[in-house]
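Engineer: I have a structure here, written as structure tokens, and I will follow up with some questions on it.
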Amino acid sequence: MVSFKSLLVLCCAALGAFATPVGSEDLAAREASLLERSTPSSTGWSNGYYYSFWTDGGGDVTYTNGAGGSYTVQWSNVGNFVGGKGWNPGSTRTINYGGSFNPSGNGYLAVYGWTQNPLIEYYIVESYGTYNPGSGGQHRGTVYSDGATYDIYTATRYNAPSIEGTATFEQFWSVRQSKRTGGTVTTANHFNAWAALGMRLGTHNYQIVATEGYQSSGSASITVY
């Protein structure tokens, strides 16, 4: 993304130089406008909540931290991104959230996190767009939690991005059968159900309520409590 955007800025600057004289302030404003179209990958703390935002650099995606546990994200023709707010480290906490989630194509709204030793990427999916993310994995069972049934899946990612760099690791999924964009997620119910199926988490790293987009467009505005 950085190299693409930098190239785009340089091209626009060159075109401007050939077309009409441009002052340094005008050129700087033009470059800033172009660069603001996408948010670079970053992690940190915002208003008492941990946030994580990652993008592969494809398309345009703007992630913005708001007050408290809120954030917004807008994306257009992206490759892949995932971002949101929550906690670091994660735990078997009860999570409350609300807002709007409007994907056009493939996107997920989920409690999302990582553990280490073993390295596990996990999702508790509350809503999704045109593609059920569990359909590419192995169905392991179901769990009833917070008023609905979730299907449980596992999958393996090979040589994929992770919190430890490029790695091969397991994914654990709980996918809610009835989609929603607000409510309570009792993570202990999912973690216990996974453990009963031999799906063991490691030591918790971060845990967020995330929006993810894959080769799609859309918008979301989410608040974590």
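Any Cβ shown, glycine's included, is placed from N, Cα and C.
Just lifted these from Swiss-Prot, have a look:
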| type | residues | note |
| --- | --- | --- |
| ACT_SITE | Glu121 | active site, nucleophile |
| ACT_SITE | Glu212 | active site, proton donor |
| DOMAIN | 37-225 | domain 'GH11' |
| SIGNAL | 1-19 | signal peptide |
Engineer: Glu121, Glu212: which of these active-site residues has the sparsest Cβ neighbourhood within 10 Å?
Structural biologist: Glu121
Engineer: For the C-alpha pair, I'd like the distance in angstrom between Glu212 (active site, proton donor) and Glu121 (active site, nucleophile), rounded off.
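Structural biologist: Distance (Cα to Cα, whole Å): 14 Å.
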